[in-house]
């Protein structure tokens, strides 16, 4: 890993400009330093104070505009000094190497004054500048080094001469570097080691870059890392040289010809100790970090415009990325993520994003572990319900870096307005939301869990505090794989506007409860009778004795009157997985809301949809097993 040609940083990667303030005792040469930099010669006549100088971005090494500000005690008040300190990004404290009084004032006046005027948690970086080195034969470093060790905010010390133009450009480069690539957040000089926040950030970067999850960065992974950070690959000999440096200092820094996490952290410690912390900062910023080593909002939440009546879905590239993420962490190749494997996956997150309810929202295996299909389903649900959170999660996984896209927004498809779908009588959507409505205890949970293939026996094992109000799984309609998202709507007198927004409604009543259907009928009349949202009535617990419903007309007559499909008998009290017929019907109705009620009542219509579902479920399963064998 070497710096090479640095990737052009985005505007959000670092500060938009740098403001350098020069302070110090009178006549130490502050103004001369600025004028020597600008004119490239020592000024014969020096004014009391130089005007503010702006160096354009195109002539600075870091391509950032730089403002240089002079301070004159004779011309400016204390209030003006305090204001300049508050506006500065870095402060150069200038002393004359031949003037002990000016050196003493560095610690007795200037550092305390600056620290009083800045926030304790975000101290300004300081540069100590020993001017007039042309007047002495000795160095002031022996005097200055103890000061540097005492104050961690001091980035570096530079001895220079405005008269001989010695180290003038270097001085301002170091000042600029102290702002854009500060040492403070990365390294603790007293302990001679990286700070915990830096180790944490670099560990996440290592985990993302270790694409086969074997605990080392092999040559291909190192080359990819080098290219995305520095826009240049490493020659085979250069790669070997890097590993040899690590081997020389660490017995466990290289394993199986790959760089271990310890070796990776050691390399960055070495960069920082050798004054090459811009290399580490380039890596950190490429992976989304700001100066405080937090992931930036611009990185986690890229701009994504979502017009009204549009939904959000993952596109093909996002699913490929998530499939590779699953494969990376499914170490035992059982097509499910164990708690330890899931924990390993979420190590690049600042928190565990999924609670125990997720295991009852998507498909799991017999041990309750999220399956391959369940994993993709949960991401589909998050994208649909809370796309900002999806962008955040993809950011933690390094989506834009590993796929070499501008941002996570490239993983999202924003569907067209639903009104256009209705006009054109076709939809391009792949995710359909079904609100499941009914009184408490009518069997809504049974409907949701049946979508995941769980019968009543399996449902009884679910703890109350682990229950989910959502369930999502794939459903095949006319040979097309779609996601059906069920949402259990709590019983209430009236539904909120948000509770009426969906693609299809499933009205559930309990055949053993005579008062159950009344609620379904009332909610239908209040909210859906005059809407264009298709509705399906489900007669739950159909394996039990049916009682007459206390309503003016029977459920069957109600459906006939309102031109709805007849009530669908449903039970989850089965030996095997419950029937998926109602889910095919619900998805079909969501896909084709314009289809006439006569068609919906036609057995031929449902037969075509169900036949397609059966054939493609079998084909899909066969393809899935083939993929697993390859994996």
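From the backbone N, Cα and C atoms, a Cβ is placed for every residue, glycine too.
Together with 48, 70, Swiss-Prot lists one candidate of 31, 60, 107 for binding Mg(2+) 1, that being 31.
Cross-referencing 72, 77, 86 with the GTP 1 binding residues that Swiss-Prot gives (27, 29, 30, 31, 32, 131, 132, 134, 162, 163) picks out 72.
Counted within 10 Å of its Cβ, the other Cβ atoms near residue 336 (Ca(2+) 2 binding site) come to 23, all protein chains included. Residue with the densest Cβ environment among the binding-site residues 332, 334, 341: 341, by other Cβ atoms within 10 Å. DSSP gives residue 336 (Ca(2+) 2 binding site) a strand state. In terms of Cα distance, none of the recorded positions chosen from 105, 441, 585 sits within 10 Å of residue 334 (Ca(2+) 2 binding site).
Between the recorded positions 105, 166, 248, 585, 585 has the most other Cβ atoms inside 10 Å of its own Cβ, all protein chains included. Comparing Cα positions, residue 585 (ubiquitin cross-link) lies closest to 441 out of the binding-site residues 332, 341, 441. Summarising the environment of residue 330 (Ca(2+) 2 binding site), the number of other Cβ atoms within 10 Å of its Cβ, over all protein chains shown, is 21.
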